[in-house]
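Now, the feature entries from TrEMBL:
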BINDING   His39, Arg78, Tyr142  substrate binding site
DOMAIN    31-144  domain 'Transthyretin/hydroxyisourate hydrolase'
Amino acid sequence: MNATDRLSVLSGHLQNSAQLREIDITMSGGNVVPPLTTHVLDTARGIPGGGINMVLLIQTGNGEFREIERGTTTNDGRGGFLSSSSLQAGAVYKLFFDTDCYFKSIGVKGFYPYVEVVFRIEDPSQHYHVPLLLSPYGYSTYRGS
């Protein structure tokens, strides 16, 4: 196989991988990208945080949070919510990540048993991406694109 053939094969693999990533972030299947997505990266190991249980909650009028949906990150550390419904303008949401189970599954003692990321939706027509950068002794998050 010459260099041109190898490049063609590699290009095909990359295109297939990109298509799979788009499908992987949906919780309900199909090619629809949900309005809320996340991507967990295990920064200590330099790999995606796959198999992390997550819960999406919404704040009610009395200040408590009510569960909307559950999911688990894919092997690529991705997850998505609300494929069959939509975000509410002005609502406060919470993403709960079960980091304790994740760290136990890889044989690591983590300091944070869970991570909660609370955010407000202003424009429900936009896509919201809430990544989590995770290590056993720290985490950070931001509004992604």
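Keep in mind that glycine also has a Cβ here, set from the backbone N, Cα and C atoms.
Annotated substrate site His39, Arg78, Tyr142; additional same-chain residues within 8 Å of its Cβ mean position, judged by their own Cβ, are Thr37, Thr38, Val40, Leu41, Gly77, His129, Val130, Pro131, Leu132, Gly144.
Here the domain 'Transthyretin/hydroxyisourate hydrolase' (31-144) is broken down by DSSP into helix, strand and coil counts: 7 helix, 51 strand, 56 coil. Across the residues of the domain 'Transthyretin/hydroxyisourate hydrolase' (31-144), the predicted structure has a mean pLDDT of 95. Binding of substrate is attributed in the record to His39, Arg78, Tyr142, and the widest Cα separation among these residues amounts to 15 Å. Other Cβ atoms within 10 Å of the Cβ of Arg78 (substrate binding site), summed over all protein chains shown, number 23.
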